[in-house]
Amino acid sequence: MAAASAAVDELSRNFTYWALGAGNGSLSGAWYRRNQIHLLGVLLAILGNLVMSISLNIQKYSHVQLAHQEHPRPYFKSMLWWAGAALMAVGETGNFAAYGFAPITLVAPLGCISVTGSAIISVMFLKENLRASDLLGMTLAFAGTYLLVNFAPNRSQSISARTVQYYFVGWQFLIYVILEILIFCTLLYFHKRKEMKHMVILLTLVALLASLTVISVKAVSGMITFSVTDKMQLTYPIFYIMFIIMIASCIFQVKFLNQATKLYGTTTVVPVNHIFFTTSAIIAGIIFYQEFLGAAFLTVFIYIFGCFLSFLGVLLVTRNREKEHLPQSYIDFGNIPGKQMLDKIQPDSNGLSYGTLPDGSDSTKSQSGEKKEV
């Protein structure tokens, strides 16, 4: 009963805020400023995820264009691919700023905006199909995101260098890092040595790196914000340690994510990556920053239910999604001078070349058979 009462009180405060407005004197000034700061983080995360969904589709389009070429160049020599990478940097900057104003468990679920935006952009520009299950999935994803945002922990904490140091040496985080390193090394062994390039392996590697990314991004962004508003924190060594972790994890995260995007369609990669990333980020926020500390049971339950709806939505978006087939030319060799070719050669669907001529024995048999018929 106490947990239910706490959850109802929290929901009532949220309703009062939206119904009465920010200027009502009955609202606590500190509570109002905290919600304003969280709202700024939410807006930055939404804009950042929209830009990232556009960037991923631009990069996929560059891969499609390169695959059409007879002698395809490496993707990193394509200006279009670099344009997508630049937009991804802009989107990540928006997410970086968002983590400085809102908790991880509030910002991470907003990756659903990237999922739905990527699906819509893929339909418009990459000519992928939009089905009824996609629309249902988007509706469920938005409903889940609404619950996640409203029932995410409203716990506000100032991220100073000493706070990060305290969390960094905590036994909870040390156990979490050891387990993560063991899982990462195992998956990397299967990926490199056994040449297993399954999407789940690639995106799990991305998610493991993303957990370190969100922890370090929250620390760096929080310490910069604290330096601007209160006391300088950039002279502490922990700031530069977190900055190095952030840069290194981002680089390898983009590398594995690009490999998955190149091998699979964006409407498959982005939603599954959303599920893995959101789960990893929420766990990281709970373990490192203890964002659910003191939360009511009913609030946590509704938050988890929101996660379920969001994940179900993205699974419906990717359900039975056909693999992308590049348009292939149909080549007629019937007009080659000095040769009578009656066959039409279809390019190999698994390769990037335009196919080859059939064996001479097959051509001879075809011509001799026609002479017999005459």
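The chain as shown is numbered from 1 upward.
Using N, Cα and C of the backbone, Cβ positions are placed for all residues, glycine too.
What TrEMBL says about this one:
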type: TRANSMEM; residues: 37-58; note: transmembrane segment
type: TRANSMEM; residues: 79-101; note: transmembrane segment
type: TRANSMEM; residues: 107-126; note: transmembrane segment
type: TRANSMEM; residues: 135-153; note: transmembrane segment
type: TRANSMEM; residues: 173-190; note: transmembrane segment
type: TRANSMEM; residues: 202-226; note: transmembrane segment
type: TRANSMEM; residues: 238-257; note: transmembrane segment
type: TRANSMEM; residues: 269-289; note: transmembrane segment
type: TRANSMEM; residues: 295-317; note: transmembrane segment
type: REGION; residues: 344-374; note: region 'Disordered'
Top partner of the transmembrane segment (173-190) among 37-58, 79-101, 107-126, 238-257, 269-289 - counted as Cβ pairs under 8 Å: 269-289
Contact call for the transmembrane segment (202-226) and the transmembrane segment (37-58): at least 3 Cβ pairs under 8 Å, seq gap 6+: no
Same-chain residues near the transmembrane segment (37-58), Cβ under 8 Å, at least 6 residues beyond its ends: 80-81, 83-88, 90-95, 97-103, 106-107, 110-115, 117-118, 121-122, 125-126, 149, 154, 156, 261, 266, 269-270
